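Enquirer: Below: one structure in structure tokens.
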Amino acid sequence: MPSLLITVLFLNVIIYVINTVGAATVDGLLWLLYIKLPTGTSQIAREQRHMKREVVQLKHEMSSTSSQDEFAKWAKLRRRHDKAMEAYEAKNNELTQSKSTFDMTIKIARWAATSGLMLFLQFWYSKTPIFTLPPGWIPWQVQWVLSFPRAPMGTVSIQIWGGACATVVALVGDAMRASLAYVSKPKIDRIKLGATMEGKEGKKRQ
């Protein structure tokens, strides 16, 4: 079943990417995209940013105004600042509650679309072979392991295929990360060396 074979491989790649990047990072990016959409939450986010700018501006004006020489003006700014701060905190709490609900929804959806789907496929297709091995190619003991737990003898079960995919994806991913780190390291060393040489030349000129 090629479609099931590819689906399991694709799911393992997605799970590895999420675990490598970090679920919190993925959730943060999705939140930034969500508040750009024309929704009620995006309206709350825009109002929160506007109120924050207003609070900062009023605080700056208060700092620039003398409470002794211009007390009337300073007191008026203080009242406006306190009122704006109260409105900002209320709006910020509303946005925080919306984000908490969004984070919980995303966590459930992410689990259902990755690990949850993988568990469902392993249960539903536990008797379905991913592919069939050539007759007599390997000993029956190994065939039994590869067909574990419920696939026909002489085939590879979805559980074994999923474990193999997870292992290979992790090995390939780690190898790619190590290669990128090795390639980028000489560039960083050259930048540091160039900065050191420029510093020494500057000292000699002085």
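Just so you know, glycine gets a Cβ as well, placed from its N, Cα and C.
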Enquirer: Looking only at the topology recorded in Swiss-Prot, are K52 and R177 found on one side of the membrane?
Expert: yes
Enquirer: Short question: which residues 6 or more past the ends of the transmembrane segment (111-131) have a Cβ under 8 Å from it?
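Expert: Residues 1, 4-5, 7-8, 11-12, 14-15, 18, 147, 149-152, 155-162 contact the transmembrane segment (111-131) from elsewhere in the chain.
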Enquirer: So if I exclude everything within five residues of the ends of the topological domain 'Lumenal' (132-155), which remaining residues of that chain have a CB under 8 angstroms from its CBs? That is, six or more out.
Expert: 126
Enquirer: According to DSSP, how is the topological domain 'Lumenal' (132-155) divided among helix, strand and coil residues?
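Expert: Across the topological domain 'Lumenal' (132-155), the residues distribute as 7 helix, 2 strand, 15 coil.
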Enquirer: Across the topological domain 'Lumenal' (132-155), what does the pLDDT come to on average, as a whole number?
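Expert: When the pLDDT values over the topological domain 'Lumenal' (132-155) are averaged, the result is 90.
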